[in-house]
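Here is what TrEMBL says about this protein:
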TRANSMEM  25-47  transmembrane segment
DOMAIN    41-290  domain 'G-protein coupled receptors family 1 profile'
TRANSMEM  59-78  transmembrane segment
TRANSMEM  98-120  transmembrane segment
TRANSMEM  132-154  transmembrane segment
TRANSMEM  204-226  transmembrane segment
TRANSMEM  238-260  transmembrane segment
TRANSMEM  272-292  transmembrane segment
């Protein structure tokens, strides 16, 4: 029996990416490589920022937080995915499923909030440079980061609290390779009206509101950059926010695609691909994007590893 006495389902069956043994081996090698690269890349980013005083600025403080969130995100999803691909079964216990929902909802919500905080940091740096040290003092940065983590935890705690009250009487097959709130609500034999309402509110706040705030920040940033007269000045200003803009664009494009597609069979398959993009591919690409497009990070990494050229 699971956490709720009325719950008869004690485990869920996750879908595998493919039933073909050849494709399973290919997926196993691919996602194992992605996972190793994601862990290595994000850990290196955190180490480089921590050990280099020149990177102890608000921008890199938020970047270190993003790297930590990426580590948690990919570690929440990919190990269980790899377990299914090696043939150890695609079952996940009730408590394991709730745990995966908790961490995944926490991290995804926190990342959207963090993108907004990072956009605000770039807005202040480019549009209000004379007041940057005041508006982005360390106390404010810590407060913003704390807000990101705490609100993320509060959001996922609400969803988990509502989920564990539901009865799951069967079937227990989740039409996805991971546990998430929408797919679990489809399996519940209890009323899910309140769950759906809270899900819409969370989507509106974390998705729509933060997207608009991020876009507003970048509209001011781009407008300010275009007013810079020298080409060198424009290039230098844009280089400080280009990596973040690329990461935000990739992240939001996958989320928007997921929610705008119709509920057809093919769209469910597309949803799995998109989910892989922001839970496995994005955490791998983020350190690469920030290191390749950021001179300070590249210099810091070369100091740590002189063999890097």
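Each Cβ is built from the backbone N, Cα and C atoms, and glycine gets one as well.
Where the annotation comes from TrEMBL, it is an automatic prediction and has not been curated.
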For the transmembrane segment (59-78), the distant same-chain contacts (Cβ-Cβ under 8 Å, at least six residues beyond its ends) come to 31, 34-35, 38-39, 42-43, 45-46, 49-50, 100, 103-104, 106-108, 110-111, 114, 117-118, 121-122, 125, 141, 144-145, 148, 178, 240, 247, 279-280, 282-284, 286-287, 290, 296-297
Spatial neighbours of the transmembrane segment (25-47) not adjacent in sequence (6+ beyond its ends, CB under 8 Å) are 17-18, 63-64, 67-68, 70-71, 74-75, 78-79, 81-82, 85-86, 280-281, 283-284, 286-288, 290-291, 297, 301, 304
With the greatest number of Cβ pairs under 8 Å to the transmembrane segment (204-226), the stretch among 98-120, 132-154, 272-292 is 98-120
Averaged over the domain 'G-protein coupled receptors family 1 profile' (41-290), the pLDDT of the predicted model comes to 87
